[in-house]
């Protein structure tokens with residue numbers, strides 16, 4: 001736990017901070033952290049480590065139970081984000097609170113009360129200066145709703161910078177960005193750091209953190225487990241700090257390449273949907289894990305929804321267990337398909353419902369007397385089983401799923417499909433927003449499913465995970481399948497290169513028409 | 001793994017203001033009116049006659065509130081119920097003299113189903129906002145009523161509806177006693193039978209009497225309902241005779257509650273209203289549930305219209321005008337969420353009873369009806385505020401705001417890090 005005592009005085013000094021919620025959760029158990037001016041300070045940790053709590057405390061959204069926060073040497077008593085902002089600490093959150101119906105200019109200067117008169121010329125000039133400093137050009141007249149997600153993220157950052165803060169807190173800013181947008185963001189952060197702005201950078205992506213930050217603080221279970229200059233650490237050390245030995249087990253359990261696969265249970269033939277994707281063809285066998293590697297905007301989510309029958313305006317055919325394309329999700333479920341959606345809060349679970357009622361939802365008639373009267377005892381037994389099987393961290397199965405962390409909520413979404421007749425699993429970004437420990441649990445689970453004879457189709461931009469868990473990887477680019485790779489014979493580098501358009505595997509294209517796109 | 005000591009007992013949750021507030025409000029209102037009327041030297045407010053009056057006045061709006069709650073749970077909204085009821089009543093009275101009671105009622109109910117279906121198709125299949133669609137049908141259906149009646153009121157000669165609607169049914173005391181006793185016995189049997197089984201999984205102690213108590217509190221609707229029936233049968237047998245619409249309301253409330261609570265249909269309806277997309281991807285036919293709620297609401301609105309028309313055997317173009325707002329107010333008083341996914345029909349019925357007790361109280365106490373709407377509106381907004389302030393998520397927000405103002409009363413800690 002070094003914190004070089006000879007350096008410049010910290011701009012933000014967190015001293016032995018505790019946080020106990022009214023529910024009794026001891027989220028922070030004495031966290032100390034010193035952020036030096038003009039640096040990028042990485043803050044990482046698994047979900048539930050206390051990261052979110054610390055962010056909320058730093059940005060003024062919550063107060064400490066014990067301990068102290070010093071800002072520029074003075075004790076800070078922020079009780080709202082606006083006070084922190086006034087003192088020069090701005091936070092940019094993962095979910096950007098922008099107004100889509102307003103222009104970039106209006107959004108960037110939203111809430112400014114410097115002058116009663118709205119001086120458009122002055123604001124436009126200020127925006128141009130900001131864009132210049134960041135190195136990302138934006139047209140002030142564009143509507144935010146029309147921008148790409150990456151551009152919106154930049155608007156959010158500009159909005160923070162427009163207040164002239166000394167410290168900017170970035171919470172998972174790259175979660176929705178493409179690699180090129182990520183690079184632009186990194187360049188901007190570095191540029192601003194060199195002109196004196198301090199950053200606290202929170203991310204799940206360890207490569208980013210290693211790449212961008214100067215100093216790292218790792219939290220686990222409300223404690224600081226690693227606090228060191230980034231240069232003195234590496235990915236392996238970080239992973240050990242975050243999860244301990246669990247991930248090592250995950251690495252050792254790679255899929256065996258020579259397995260006996262079953263029949264083709266899912267065949268996609270010339271499937272196309274408007275501008276989103278296609279036409280494309282592929283098939284998945286029982287016991288096989290097939291990954292579709294695609295970046296944001298490649299049509300990956302649309303493809304899964306179409307296979308599941310949720311998009312009715314598609315052409316081409318999908319054959320499930322020898323039967324025709326399901327017309328609607330309820331038919332898909334009856335035929336043994338299961339979808340784990342990308343946006344689990346919106347599509348995966350009911351936040352106000354208990355764990356047990358969420359898990360039994362797709363399978364309720366089976367757990368009911370005469371398929372009509374739910375048998376609560378059976379439902380609860382199944383939920384208890386799921387909590388045990390998947391290692392869902394919760395006090396009781398009566399907890400509301402909305403109160404669980406991302407990883408545990410995702411396990412609940414998986415559990416919905418594990419005890420019924422589902423034999424074809426469609427997984428859309430199954431590890432998005434999930435901490436490293438839960439991620440490894442979920443990847444294990446996917447392999448167990450395949451061993452049980454299920455067919456699994458994973459769609460994700462986390463290529464490393466695909467290589468670790470899939471038998472085959474199809475690369476989707478701009479709605480077309482451009483490569484069909486055996487995961488044992490490829491690596492992240494190749495997949496990334498193909499997915500982002502640097503290389504082509506013409507000889508391995510599975511779709512007949514994909515090459516001509 | 002599960003620690004029963006950590007979670008609050010079920011009965012405490014059931015008795016919390018958020019869960020049972022409407023019951024407390026109703027009891028408090030009855031108490032205030034009883035005391036006031038006795039202080040003023042009027043006949044007892046809680047007389048069987050007056051209580052029956054309140055029930056009879058509430059019955060039709062109560063039926064509408066039950067199925068409005070179903071629509072609200074499904075995540076939709078229906079403003080057209082009062083107009084639909086007016087149309088059904090008009091059709092029934094128009095046809096009853098020429099075509100007989102059966103055909104008239106059938107046609108009336110078909111009209112209700114049709115309006116419900118139109119609402120359902122426009123909202124679920126075309127995708128227009130439910131508020132706008134039903135505002136449209138509210139107006140258009142009322143227009144149809146006016147066109148049929150051409151500004152005049154009509155009266156039927158056939159009195160079949162009249163005698164049905166204004167008839168009274170009596171539950172024999174003996175039957176009531178048996179029924180009440182059976183409910184209590186059932187609650188006890190359920191508690192004793194599954195009590196020990198529960199605990200052996202939950203706690204390893206010999207605390208099985210505590211588990212029986214826990215189970216008894218969990219089955220409170222059973223024994224409380226049984227007790228209520230016994231008390232009424234024993235002390236107020238007059239209350240066992242009620243107008244037909246009251247029995248219909250009670251029966252529908254019972255059936256709707258059981259279906260919502262104990263069937264797959266009910267569970268799925270809550271799921272559809274709580275998160276339609278998650279329900280759809282879980283394989284539930286969302287459209288079927290949401291459309292079904294609309295059609296059901298239309299059918300029951302038609303039933304109410306027929307009962308209403310039967311009351312005086314006549315209708316005029318303005319019958320039930322504005323009734324939809326009373327119905328929605330009753331559902332909101334009962335704690336139904338306008339965003340879908342939550343609601344309890346019995347509480348909506350009690351919400352209806354509160355609204356009619358208020359107006360009945362004004363009449364009985366002779367306060368004058370000028371302030372009646374002021375009080376009803378205030379009660380509605382106060383109830384909604386109370387629900388919002390006591391709901392879990394919002395309460396946290398509220399506390400945070402208070403905490404900000406009072407310089408953080410943070411809990412003191414003993415410093416200890418594991």
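In case you wondered, yes, glycine gets a Cβ from its N, Cα and C as well.
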Here TrEMBL annotates transmembrane segment, and of B:169-192, B:193-216 the range meant is B:169-192
Of the ranges B:247-270, B:367-390, the one TrEMBL annotates as transmembrane segment is B:247-270
With the cut-off at Cβ under 8 Å and a gap of six or more residues from its ends, the chain residues touching the transmembrane segment (B:291-310) are 59-60, 63-64, 66-68, 70-71, 73-74, 76, 78, 80-82, 84-90, 92-93, 105, 108-117, 119-121, 123-124, 161-162, 164-166, 244-245, 248, 252, 269, 319-320
Under 8 Å Cβ-Cβ from the transmembrane segment (B:218-235), and at least six residues away from its ends along the same chain, one finds 10-11, 14, 173, 176-177, 179-184, 186-188, 190-191
Ranked by Cβ pairs within a distance under 8 Å of the transmembrane segment (B:247-270), the first of B:51-72, B:102-123, B:169-192 is B:51-72
- Given the cut-off of 8 Å on Cβ pairs that are 6 or more apart in sequence, determine whether the transmembrane segment (B:102-123) and the transmembrane segment (B:51-72) share at least 3 such pairs. no
